[in-house]
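Peer 1: If you scroll down you'll find the structure; I have some questions about it.
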Amino acid sequence: ITVLVNHIPLVAVLEPGELIIRKDGQEINMAVAGGLVEVRDNDHVVVLADTAEHAAEIDEQRAEEARKRAEELLKEKMGDAKEYAAVAAKLQRELARLKVARKHRNRKGIKID
């Protein structure tokens, strides 16, 4: 969701993805997964994320390796719904981390192979 000035109060579940914080001309990009976001009636936003990483701190190579491992595990867990769901959630977190890391790297003008 996008939260602008005078947004209605709400509480929502955070899905794995990118969190962009814009304030006073500054922008902070993070990969987040799990947790809650609360928008209060005084334009105050609270994010309680299970995991959060600044884009610049994400090790893209490690995230790519974790994504590959999760994809392999996903194939192995087809018969067990609970384990499959856990691995699928892990895969979504790694995909979010990769997206944020690559976007951040592109903004810095570094070529992606």
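Keep in mind that glycine also has a Cβ here, set from the backbone N, Cα and C atoms.
Just lifted these from TrEMBL, have a look:
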| type | residues | note |
| --- | --- | --- |
| COILED | 49-108 | coiled coil |
| DOMAIN | 1-52 | domain 'ATP synthase F1 complex delta/epsilon subunit N-terminal' |
| DOMAIN | 57-101 | domain 'ATP synthase epsilon subunit C-terminal' |
Peer 1: Just to confirm my parser: what is the rounded mean pLDDT across the domain 'ATP synthase epsilon subunit C-terminal' (57-101)?
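Peer 2: Across the residues of the domain 'ATP synthase epsilon subunit C-terminal' (57-101) the model's pLDDT averages 91 on the 0 to 100 scale.
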Peer 1: Using DSSP, break the domain 'ATP synthase F1 complex delta/epsilon subunit N-terminal' (1-52) down into helix, strand and coil residues and give each count.
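Peer 2: Taking the domain 'ATP synthase F1 complex delta/epsilon subunit N-terminal' (1-52) as a whole: 0 helix, 33 strand, 19 coil.
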